[in-house]
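What follows is a single structure, written as structure tokens, with notes after it.
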Amino acid sequence: MVMCVRAVLVCVLLELSRAAPHAHINRLALFPDKSAWCEAKNITQIVGHTGCTPRSIQNRACLGQCFSYSVPNTFPQSTESLVHCDSCMPAQTQWEVVTLDCSGSDEAPRVDKLVERILHCSCQSCSKESSQEGALLQLYPHEGAQDLPSLPDATHTHPQHAHMQADQRDADAHLDMHAPEAG
């Protein structure tokens, strides 16, 4: 009985690994009552810098449970490696400049920090790089801070495909290049 279950598992996982370069898995045959989920949850993020007054901004964090599995391999290898890893991570983001008041600092009266705002999250490959297509890059300079778009209310569990965008006016924004601080 155990060998039969293992054989079925190997067959199911082998078919899944052949389906697409990296298909999102919402359910596994061994756990039909469990499903993957990934949501963008509202948070308050504190943006700070040494010598500056920290600012609180509304942002989102990705939270969820996505599937991963690894089936023991053989040597020499008789089948494709049966390893899959998904993680709940941003599917769509935008960048904005947050200006901090540093009136007590000798270096500068203010510092601009580049902050990633999360719009949507989804289960995606653990090996996904942040520069991959699907990221929405919009940089909002501090001069137009009052015109920033608000975060959408709806959350999505599927990847949102967007295009890389950057206006010429964004190139004029001053960015703080120091290592990010906690928070």
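Glycine is treated like the rest: Cβ placed from N, Cα and C.
C38 (disulfide bond) falls within a strand when secondary structure is assigned with DSSP. Feature annotation from Swiss-Prot assigns disulfide bond to C38-C88 (among others); the stated evidence is similarity to another entry.
The disulfide bond annotation in Swiss-Prot covers C52-C102 (among others) and is backed by similarity to another entry. Proximity of C52 (disulfide bond) to non-local residues of its own chain (separation of 6 or more, Cβ distance below 8 Å) is seen for L100, D101, C102, S105, R110, V111, given in sequence order. Reduced to three states, the DSSP call for C52 (disulfide bond) is coil.
The Cβ neighbour count for C121 (disulfide bond), using a 10 Å radius and every protein chain shown, is 27. C121 (disulfide bond) falls within a strand segment according to DSSP. Summarising the annotation, Swiss-Prot assigns disulfide bond to C62-C121 (among others).
Sequence annotations record features per position, and here Swiss-Prot assigns disulfide bond to C66-C123 (among others) based on similarity to another entry. Cβ contacts within 10 Å of C123 (disulfide bond), excluding its own Cβ and spanning all protein chains shown: 25.
Residues or ranges marked as disulfide bond in Swiss-Prot: C85-C126 (among others). Secondary structure at C85 (disulfide bond), taken from DSSP and collapsed to helix, strand or coil, is strand.
Annotated domain 'CTCK' per Swiss-Prot: 38-127, in sequence order.
For 145-170, the entry in Swiss-Prot reads region 'Disordered'.
The signal peptide annotation in Swiss-Prot covers 1-19 and rests on sequence analysis.
The 10 Å shell around the Cβ of C38 (disulfide bond) contains 24 further Cβ atoms across the protein chains shown. In terms of Cα spacing, the disulfide-bonded residues C38, C66, C85, C88 that come within 10 Å of C121 (disulfide bond) are C38, C88. C38 (disulfide bond) and C123 (disulfide bond) have their C-alpha atoms 6 Å apart, to the nearest angstrom. Once Cβ contacts within 10 Å are tallied over all protein chains shown, the disulfide-bonded residues C66, C102 are led by C66. For C62 (disulfide bond), the nearest neighbour among the listed disulfide-bonded residues (C85, C88, C123, C126), judged by C-alpha distance, is C88.
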